[in-house]
Every structure is written in structure tokens, then in C-alpha cells.
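In what follows, a single structure is set out as C-alpha cells and then discussed.
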Amino acid sequence: MNYSKAKYIMGAAKVSQLPEDTGVEVAFAGRSNAGKSSALNTLTDQKGLARVSKTPGRTQLINLFDLGNNNRLVDLPGYGYAKVSESIKRQWQSEMENYLTSRKCLNGIVLLVDLRHELKEFDSLMIEMAISFDLNLHILLTKADKLNNKERAQANRMIESFLKTFVSTDKISYQLFSSLTKMGLDKFKEKLDTWYQ
């Protein structure tokens, strides 16, 4: 798959506004400041494709990017400490859950986790939903360039023990990743390629 061909299609506030439910979609999800926009920009080799915001939680729409041949990347709203009301946060979460449960063309979720921090409730929720709906899930442990080898090994052990608390499934995988140094980029592309086949 040539990810550099990605083009922005649209942003939708509701699942009902999304294009026809055909082809293949891979959704990117993550807490605010997990490095989601940076990862999308690195994957597509386009600096400005997904807007990198200095204000966490600015991604409020479901943003779609076309890869050609009815394949799409989907940028889900950043979840976390956005400066919006609780009711709007609940609305975002409701739409995100609606997307994950109802979109038949969704073939996998990329969950971005800043490996400098412990996994949070949102991360657990995403893993549980992926297992419940039998979806592929690939966890990108972002900002790996900010840790030394010993700290990276500790992060790997942390995610391994964390995943052991869930039902065992071969549909969940994880890796270290850095948008800055492109560490893990080739491995990430290989994983996505299998989902778009």
C-alpha cells in the first residue's frame, strides 16, 4: 500500500455522516497527546495531513483519508483532557463507540499509547471493545525515541503484563514506534498492509 497517496476526504461529527460502508477502513484511536496526528503524518510522509495540535483533544471529528481502491484511514477524536464540557465528551465517546460497533468496513484499530505513561481506562476500553467485536488491534507504543533501551524493555514488559489481564487473542499485537526517528515505521506498514489485503 502506498500510504503517501493519502488524501483528506472529510470530517464527520456523526457516524451517520460517513461515506458508504464499503471497502476497508483502519481507525486510529488514542488519548490526547498520544502522538496520533504525528503517527499519521509519518505513515503518509505528509507533514500536514493530520493537524498536529498544541492543544490536546482538538480532534473533535471523525476524519477520513482516502488511500485509493476504496481503502481509508480514519482518525478518531482524541480522548482525554480536551477543554470541552462533559456532555460533549460523552457525545464524542458515544459516536466513537457507534463507529467501532456499527462500521462493517472497519478491519482494524491502531491504538496509540505514549509509552512514557501507564495505560489508562480509555486504553482498556479500546482493547475490550476490539476483543468484543473481534477486531484486529495493533498498539503503537509512541515516543519510543524519548526512552533508553532499558526503559523500552520495561515498557514492553508493562504492555505484556497488561494484555495478560484480557482474553487471549491473536488479533492483538503491539510495537515500539517513534514519529520523530521513524523507528518501527516499516514494521507498522507491514502490519497495516495485511489489514488492507
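The backbone N, Cα and C atoms fix where each Cβ goes, and this holds for glycine too.
Remember, it's a predicted structure, so these values are computed and weren't measured experimentally.
Residues annotated as GTP binding site in Swiss-Prot, with sequence analysis given as evidence: 30-37, 57-61, 75-78, 142-145, 177-179. Among the features that Swiss-Prot reports, Mg(2+) binding site is placed at Ser37, Thr59, with the record citing sequence analysis. Per Swiss-Prot, the feature domain 'EngB-type G' maps to 22-197; the stated evidence is sequence analysis.
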For Lys143 (GTP binding site), just count the other CB atoms lying within 10 A of its CB, please.
-> 22
Alpha-carbon distance [Ser37 (Mg(2+) binding site); Lys143 (GTP binding site)] in Å | 13
Among Asn33, Ser37, all listed as binding-site residues, which has the most CB atoms within 10 Å of its CB?
-> Ser37
Between Leu61 (GTP binding site) and Ser37 (Mg(2+) binding site), how far is it from one CA atom to the other, in Å?
-> 13
Would you report the average pLDDT that the model assigns to the domain 'EngB-type G' (22-197)?
-> 86
Which one of these binding-site residues has the most other Cβ atoms within 10 Å of its own Cβ: Gly30, Pro77?
-> Gly30
Fewest C-beta neighbours within 10 angstroms among the binding-site residues Lys36, Leu61, Phe177 belongs to Leu61
